[in-house]
Structure formats: C-alpha cells, structure tokens
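Per TrEMBL, these features apply:
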DISULFID  117-129  disulfide bond
DISULFID  133-148  disulfide bond
DISULFID  228-243  disulfide bond
DISULFID  313-328  disulfide bond
DISULFID  398-413  disulfide bond
C-alpha cells in the first residue's frame with residue numbers, strides 16, 4: 001500500500017472536509033478516475049481511492065490524500081512515483097489543475113510497537129490495555145472477560161446492572177453497544193464496542209467546522225492555525241507533514257489589487273499593477289485587470305495603462321513601454337479655413353489637414369469634399385452646377401457668363417429666336 005499526497009489548485013471550502021458532501025464526492029471521483037488512467041500501464045492489480053482532503057497550509061487550496069493498494073511480484077513504487085510526479089509537473093490531473101508542491105509518495109509507516117500493559121490490565125489483540133474481569137467487555141473479542149473467576153452474589157441479587165462509563169468532551173454517550181452488555185462512549189476515537197459501532201465514521205463525522213481542518217485520521221478536527229506550527233496536534237501527526245515555507249506577501253500600494261496568492265500556491269503578488277510577478281502571469285491578466293480607457297485617453301501597447309491623447313507624440317515617454325512615442329509623423333499645421341467651409345479637420349491618412357466642404361479637394365482620399373456629407377441641395381430659385389456642390393441663380397444659366405466654377409452653366413445652351421411684333 002502506498003500513500004500519495006497531491007496539491008489540487010482548487011480553492012478550499014469547508015464542504016471538502018465532509019466526505020459525504022457533493023463537493024468532496026465529485027472531486028474524489030474525478031481524482032480517482034484520473035489516477036486509475038495514469039497508472040493503467042503499471043502491471044499488477046491496483047485499488048485506488050481518495051482517503052482524505054484538507055486545506056493545504058499557506059496556499060488556501062486542497063491537499064488530497066490518495067491510497068494505492070498494489071499487488072504485484074515486482075516493486076513498482078518508483079515507477080508509479082515518477083508517473084504521478086511527471087503528471088503533476090505538467091499542471092493537470094484529469095480535469096483538475098495541480099502542481100508538484102506538497103507532493104509525496106510513500107509507504108505508510110508501520111504502527112508503533114505497543115507498550116506493555118500494567119499487571120492488572122489485559123492486552124486486547126488490537127494492542128489496547130483493558131480492565132481484566134471487571135464485567136465490561138472492552139476488547140473487541142471480549143478476551144478481557146474470559147477465564148474470569150466466579151464472583152459470589154447475595155441470594156436476593158438476581159439481576160446485575162451494568163455501570164456505564166463516564167464520558168467527557170464531545171463524545172456522544174454513554175450508549176449500550178449492539179451486544180447488549182457493553183456501554184461505550186460513542187465517537188471519542190476509542191473503539192470500545194465489540195462490533196466497533198461506537199466509532200462508525202459514517203455516524204460520527206459530519207465534517208469540520210469553518211476555520212478547522214480534518215486530520216488524515218478522518219474524524220479529528222484542529223484549528224487551521226495549528227497546521228505546520230511544529231506541534232503535532234493531530235493524533236496521526238499529519239498536521240506537521242508536507243509543510244513548506246511560504247514567503248510573506250508583498251506590500252501593495254496604489255490601485256494594485258492584492259496581495260493575492262498565485263496559482264502555483266507558493267507566490268504572493270500585487271495584482272493588476274502592471275508588473276508580472278506570478279509564474280503563470282495571472283496577476284496581470286488583461287481580461288481581468290483592464291476595463292478600457294476613458295474618453296479622451298488612449299491605451300498603451302502594454303494594454304492596461306491609459307494616457308491623455310494630448311501626450312501622444314509629445315517627445316515625452318508617458319507609457320511605461322514607450323509606445324506613445326513610436327510611429328510618430330510630423331504633421332503640418334492645419335490650414336486657415338474661411339467662409340462656410342467646415343474645418344480644418346485631419347484627413348483619414350492621419351497626416352493631412354484640410355478645409356472640408358470648400359469645393360477644393362485637399363485630402364488624399366477626397367473625403368473633405370464628400371458630396372454625401374457636404375451637399376444638402378440648392379435652395380428654390382437656384383440650380384446646382386455639375387460639380388455638385390455649387391448653386392447659382394437660375395437667371396445666370398446661359399447668360400454668356402461662366403458662373404459655375406466648372407463652366408457647366410454655359411454648356412448645352414440653345415439660342416431662342418427673338419419674336420418681333
């Protein structure tokens with residue numbers, strides 16, 4: 001049997017401490033299926049199951065414990081370890097994001113050799129010291145009450161009552177066990193009923209409260225503050241395993257959002273301060289940081305900095321990347337426009353100024369005299385020249401004077417014979 005610890009880059013929620021919650025069962029099933037697929041090439045029969053999830057110290061994510069029971073004539077430990085580590089370093093396991101932080105792949109330590117019991121006590125097969133011949137079956141097999149000397153009773157004493165133990169703490173009890181002769185403190189992490197029902201995890205453990213995490217033992221909760229504090233608060237000591245030193249978060253100033261923990265689970269960064277500090281760059285993700293520039297401002301090529309339009313091409317690098325001074329061209333001063341001409345305006349080429357709608361084409365693309373934008377038609381009593389945007393009085397048509405700039409008012413004229421009396 002091997003025990004593997006994986007760092008799941010999923011934000012910890014209290015629901016993950018309850019093994020019957022939808023969040024726990026869904027994640028456990030996904031990890032189990034991914035591990036089965038990953039280790040399929042390793043010879044031998046394997047049983048893989050997720051045994052626990054708890055909050056990873058310092059990262060705020062999930063530390064998953066996976067037990068792998070493997071039956072094969074050859075030792076495949078190193079191969080399985082390499083397969084799992086390689087997959088973690090690629091950043092994904094099934095549909096879950098992971099990394100190799102906190103990773104371990106070991107054989108569980110053998111249980112400690114039990115200490116000798118005092119002379120007046122009996123050692124149960126499981127190693128527990130129990131009272132000998134005290135009328136209470138404390139060993140699962142009842143061996144502490146075997147071969148006991150007969151005890152005399154008064155003639156009138158036909159019924160012997162069982163004295164329940166004193167239960168303290170959060171243990172539920174005392175209750176009578178299913179054998180009908182043993183009392184036990186239920187859910188105190190000490191198996192006292194012959195059938196073990198006093199510590200049935202499905203009845204005892206409902207998950208840890210907010211601010212606490214479960215030990216690998218499964219039914220013990222400790223405050224989060226006791227993780228990796230160099231004191232073994234869990235009975236199985238797992239609160240001091242897989243600890244890493246995480247540097248303190250930086251001090252963020254200005255509009256930067258943070259500090260926050262990066263997806264790698266070990267780096268803190270000031271988010272959206274235009275300095276990439278996370279290994280994956282997520283602290284400067286433009287889709288999350290940048291909401292666009294306000295009117296009258298433009299964005300730098302960096303993407304998340306805005307400067308006033310007046311600072312473009314002013315010979316001062318206002319953008320951190322200097323792009324406000326790149327690609328600049330010398331634009332001649334705008335002309336002076338008079339009359340009803342609209343302008344001056346910058347042409348579409350970005351380098352030419354022109355007086356719009358003054359019947360003089362000055363823009364390279366001619367948009368300064370676009371008839372669809374300039375000409376609204378002639379007033380009553382006037383006609384337009386073929387040029388399209390000049391109107392003259394009707395009386396000036398065919399009067400032998402070219403009033404239209406294009407001279408079309410004197411074209412196509414016919415001589416009408418004079419009538420004499």
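From the backbone N, Cα and C atoms, a Cβ is placed for every residue, glycine too.
Overlay of TrEMBL annotations on the structure.
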residue: 117; record: disulfide bond; DSSP class: coil
residue: 129; record: disulfide bond; DSSP class: strand
residue: 148; record: disulfide bond; DSSP class: coil
residue: 228; record: disulfide bond; DSSP class: coil
residue: 243; record: disulfide bond; DSSP class: coil
residue: 313; record: disulfide bond; DSSP class: coil
residue: 328; record: disulfide bond; DSSP class: coil
residue: 398; record: disulfide bond; DSSP class: coil
residue: 413; record: disulfide bond; DSSP class: coil
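Spatially, by CA atoms, the disulfide-bonded residues 148, 228, 243, 313 include one closest to residue 398 (disulfide bond), and that is 313.
Cβ neighbours of residue 413 (disulfide bond) (same chain, under 8 Å, six or more residues apart in sequence): 397, 398. Of the listed disulfide-bonded residues 148, 228, 313, the Cβ environment within 10 Å is emptiest of other Cβ atoms at 148. Ranking the disulfide-bonded residues 129, 313, 328 by Cα distance from residue 228 (disulfide bond) puts 129 first. Note: the CA-CA distance between residue 133 (disulfide bond) and residue 117 (disulfide bond) rounds to 15 Å.
Residue density at residue 129 (disulfide bond): 18 other Cβ atoms are found within 10 A of its Cβ, drawing on all protein chains shown. Taking CA atoms as the reference points, residue 313 (disulfide bond) and residue 243 (disulfide bond) are 53 Å apart. Around residue 328 (disulfide bond), the same-chain residues at least 6 positions away in sequence with a Cβ under 8 Å from its Cβ are 312, 313. For residue 243 (disulfide bond), applying a Cβ distance below 8 Å and a minimum sequence separation of six or more within one chain yields 57, 227, 228. Of the recorded residues, residue 129 (disulfide bond) and residue 148 (disulfide bond) place their C-alpha atoms 17 Å from one another. The number of other CB atoms found within 10 A of the CB of residue 398 (disulfide bond), across every protein chain shown, is 14. Residue 117 (disulfide bond) sits 18 Å from residue 148 (disulfide bond), taking the C-alpha atoms as the reference points.
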